[in-house]
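See structure below.
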């Protein structure tokens, strides 16, 4: 379904306590900074924030209209988190606004698989993205990656084989909801839909090396 863009979406959220301009991200002080790249409408992010009040969560979304929808959704929560911000930013720009070794964990949930070969570099698990994430993560920082797409999952495994100096796989499953990992899993809205259709969810957890 094509997204209906909202005019002046970012203007509407400028005064929200849950919105951050990218330039403000480097001022966040937290021993446990968690970042979700492509936070969508913020269900997963807000659940994480509520369940982990001692951590700080930042949602990255490049489409202003989705940023607006995400913040509106947080505003409708009965219990509103105080440890959450959402910003409008492309994943390629993360290293411009976040300090090196400042992030404890990165979540990549159901990213666009970009199936065409000419779009390989747009995949969030492409080598240049993993290199950026390695730079941003603290020592032994983590990446949690979930997808319903078999091809993207296999692509990611192939990339990791070629970049073994950067990350090691500490959790891996091709059927998350029939694995022990489901006990601590928080589902995204996409994930709920996929599971209801019987789609198997793939997951990797990566730990930073060096």
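Yeah, the Cβs are placed from backbone N, Cα and C, and that goes for glycine too.
Here the structure is a predicted model, which means the values were calculated and not measured.
Annotated features, as they stand in Swiss-Prot:
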BINDING   36, 61, 90, 112  S-adenosyl-L-methionine binding site
ACT_SITE  112  active site
BINDING   116, 148, 188, 189, 190, 191  substrate binding site
(message) Tell me which of the binding-site residues 36, 90, 112 ends up closest to residue 190 (substrate binding site) in space, Cα to Cα.
(response) 112
(request) Would you list, in sequence order, the residues of this chain other than 36, 61, 90, 112 that have their CB within 8 A of the centroid of the site's CB atoms, where the site is the one recorded for S-adenosyl-L-methionine? (result) 37, 38, 39, 60, 62, 63, 89, 91, 111
(message) With DSSP assignments reduced to helix, strand and coil, which class does residue 61 (S-adenosyl-L-methionine binding site) get?
(response) strand
(message) Around the C-beta of residue 112 (S-adenosyl-L-methionine binding site), how many further C-beta atoms are within 10 angstroms, looking at every protein chain?
(response) 12
(message) Checking the spread of the substrate site as listed (116, 148, 188, 189, 190, 191): what is the longest Cα-Cα distance, in whole Å?
(response) 25
(message) Return only the integer: C-alpha distance in Å from residue 116 (substrate binding site) to residue 61 (S-adenosyl-L-methionine binding site).
(response) 22
(request) Work out the three-state DSSP category of residue 90 (S-adenosyl-L-methionine binding site). (result) coil
(request) Please give the greatest C-alpha separation between any two of the S-adenosyl-L-methionine-binding residues 36, 61, 90, 112, in angstrom, as a whole number. (result) 14
(request) Out of 90, 189, 191, give me whichever of these binding-site residues has the highest number of other Cβ atoms within 10 Å. (result) 191
(message) At 10 angstroms around each C-beta, which of the binding-site residues 36, 61, 148 has the fewest other C-beta atoms nearby?
(response) 148
